[in-house]
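Here is the structure we will look at, set down as structure tokens.
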């Protein structure tokens, strides 16, 4: 009986691994909230979606 439970548990863990659960802050949309909250609203340009500071180290200003 214990062998069958072990096999069933193994199959369940292979089919539904614990790492498949969605974690907080692992999606790109979650990180955009952090970036926009760090930028001062007086310097933010909604058209460019970036700040208008003369010296800017934001990811959107550095860009590829």
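Keep in mind that glycine also has a Cβ here, set from the backbone N, Cα and C atoms.
Because the structure is a prediction, the values reported are computed rather than measured.
Of the candidates 17, 54, 59, Swiss-Prot records 4-hydroxyproline for 59; the remaining residues carry no such annotation there, which does not rule it out for them. The 10 Å shell around the Cβ of residue 51 (disulfide bond) contains 21 further Cβ atoms across the protein chains shown.
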